[in-house]
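Q: I grabbed these lines from TrEMBL:
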DOMAIN    A:6-72  domain 'HMA'
TRANSMEM  A:102-126  transmembrane segment
TRANSMEM  A:132-149  transmembrane segment
TRANSMEM  A:170-189  transmembrane segment
TRANSMEM  A:201-219  transmembrane segment
TRANSMEM  A:354-374  transmembrane segment
TRANSMEM  A:386-406  transmembrane segment
TRANSMEM  A:699-721  transmembrane segment
TRANSMEM  A:727-746  transmembrane segment
């Protein structure tokens, strides 16, 4: 393994030519600790990979300055945020332009249509000079082609050069054929009449198709910007400035980009927290809904972490900046959502395969349609019929609906998920969550608060306070949540601290150490029995009683004697019962897993309405339990919060890391729930079900649309029912098809989970 | 069948065969990445109705920088998707957009436009 490198992007100023770029690159590459540097002249950006120990953004900047250029100050910000402005501006421009092109086409088509229909009134027709009318129509159609439809032809040609064909190819060939035929009929009508054909023109078809397709594109573009609305609002949460308290006590508002690690930032009531940090003074309630979906403000005091983009409610506080730019929680959420939106859902595979060969296949079908009509239709009408059906096939085929079916739904739902504090790693996770029929919950920290408290301390015939001191000394060295509860309890009792030596944690059992020369053991019953220590009948009875109350019992032995019991209870979260009921209502079996003994497990399970549970599961066996359920043919979602859940989260078909989940758990999880309660699991599963349902509808629609539309346009119904599809109707259907798919995906925006 | 029917049939079938060959079987433009002095594999790609080059060969395990220059305004190409690397990027028109990735596995990975119409592939060796 190479040592971990960091990547830094610098905005270089003052580069006037490509050789300047290589000068900067050379200077950066030679700087100590730099592994690689590349400078892009076009974007004026340098991307540097460096070893954090040997180089820093400051030394990199120095290297650039040495080369004679300067670095523009910028936030090491989320790539999405920095790009979004420019892209939004361009998109708005493109939208304006598209609308203008549509209006030109629509306006002209509205004139061309009635003019072309004059032939419906033979009396009128007799007075009109046909060739002259055709020339007039030609003049009106030209701007539609050359201005409104220009992009189709350019794009089709560019695509053709690349041996690729897209939607534009179909439209260009279709309208192009109709136009060229009409042009011939206008310019050399004698050629047609001499062969017994009417020199018919299709200018109305050409113009209307272009107008309708452009209408579809306008609607599509408008809908598409809405698919990423959630993402944009996430990026928009970022604070613009921070009130930094300088060492001399002066308060200065600085742009967020210039905030450094270790800066002290002041936050007043009603203000946004600028970036991530830890409170150094003051306390307040902070609204973290934008990150976690949790609606109630969270109490914060000195030492508690705060997150950028959250809203300070009641008090003022100062915090020390611990993370800036791309490392902040907000940026990571944005990054995660962005990644998820770029991922591919397995369900899309077929659509992908089809769209790869779609357009050329349609072109071939259109050509064959032309040939068949020409060969089979009566001689006097065969050319117009062949042409009309050829154009209709090309125009009705809509690869866009296939292409848009999955990604738009994924975009809307991942954004929506983030709004609810449900972070979806990728499209595959969403698809897995949809299939889940069993949810395995790790009891501690998910069903319960995961913050156990000592409720009983029983030391019959012993010096209680003294014993508590010994136990607390040992537990202070442990990182186990139960140990923390014991320490909290001891602190609350005002025990003074002693020193423990030779601390040893026994995984899944407890811990041991020497305090004041005495061997102290604390842990579950197995720890004591492994050490060959028996319980007195009195302690056994008391233990049974505590266990009966669904408390976890910690057994204490000093100098080889079992001397005391601690009853520890972990309270069930208020929301757990309701959430579990909702999961069951969704038809999902909820199974609980815990390291606790069977009594405790049964008690908690009964309390929350779970019928199946695994008790006394060692951390190392958690993944095994997941496997066991999977072996029963279940699709298992594992919900957990801790490091020792990581293997189980990874083993499960879909892992959900809950609450302030550790980074390791988040790595292993397909879905991360920002809020610490089980409602997030319900939200995730409901969201996935709605999303996949939407995708299936979209794909079904797209496949059915194309597989019905193309044969009908080819004239398959004509021999039986005499039905032919006008190319103009085909254009309307095509324009509507991709808009329908998009609109269906956008319905997910109304997803609301209580 | 009269003469014109025979002509239309032959020309039509010939055209259909050409379309199949041209889009599915003809040889494509391949480009190998150029490693810069700093060890990064760089490839410039022009986006205009397709990706040129559209087959890009890179080596495994070395960082890759793809510079996409979008030389058109056509909305078809405004998005770039590389699902295997979880990348979705908007490509601004007439601008270069950098995409950086680290290919860790050998294989062929397609990249497409937002609708899957324009295609290219990254061949990792």
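Glycine residues also receive a Cβ, built from the backbone N, Cα and C atoms like all the rest.
Thinking about packing and proximity, how do these listed features fit into the structure?
A: The predicted model assigns the domain 'HMA' (A:6-72) a mean pLDDT of 76.
Counting residues 6+ beyond its ends, the transmembrane segment (A:132-149) has Cβ neighbours under 8 Å at 101-102, 104-105, 108-109, 111-112, 115-116, 118, 171-172, 175, 179, 182-183, 185-186, 189, 199, 201, 203-204, 206-207, 210-211, 214 in the same chain.
Beyond its flanks by at least six residues, the transmembrane segment (A:170-189) meets 130-131, 134-135, 137-138, 141, 145, 149, 152-153, 155-157, 199-203, 205-206, 209-210, 213, 359, 362-363, 366, 387, 390-391, 394-395, 397, 399, 727 of its own chain at Cβ-Cβ distances under 8 Å.
Outside the transmembrane segment (A:201-219), and at least 6 residues removed from its termini, the chain residues within Cβ reach (under 8 Å) are 95, 98-99, 101-102, 105-106, 108-109, 112-113, 115-117, 134, 137-138, 140-141, 144-145, 148-149, 152, 171, 174-175, 178-179, 181-182, 185-186, 387-388, 391, 395, 726-728, 730-732, 734-736, 738-739, 742.
Long-range contacts of the transmembrane segment (A:699-721) within its own chain (CB-CB distance under 8 A, at least 6 residues past either end) are made by residues 347, 350-351, 354, 358, 362, 365-366, 369, 373, 385, 389, 392-393, 395-398, 401-402, 405-406, 730, 733, 737, 740-741, 744.
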Q: Using a Cβ cut-off under 8 Å, which residues of the same chain at least 6 positions beyond either end of the transmembrane segment (A:102-126) come close to it?
A: 133, 136-137, 140-141, 143-144, 147-149, 201, 203-204, 207-208, 210-211, 214-215, 217-218
Q: DSSP says what for the domain 'HMA' (A:6-72): how many helix, strand, coil residues?
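A: Its residues divide into 23 helix, 24 strand, 20 coil.
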Q: Report, as numbers and ranges, every residue of the chain located at least six residues beyond the transmembrane segment (A:727-746) whose Cβ falls under 8 Å of a Cβ in that stretch; write 'none' if there are none.
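A: Non-local partners: 174, 178, 202, 204-205, 208-209, 212-213, 215-217, 219-220, 223-224, 226-227, 388, 391-393, 395-398, 400-401, 404-405, 408-409, 411-412, 694, 697-698, 701-702, 705, 709, 713.
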Q: If we skip the immediate neighbours and take only residues 6+ beyond the ends of the transmembrane segment (A:354-374), which ones have a Cβ under 8 Å from one of its Cβ atoms?
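A: Same-chain contacts beyond the flanks: 165-167, 169-170, 173-174, 382-383, 385-387, 389-390, 393-394, 397, 399, 402-403, 703, 706, 710, 714-715.
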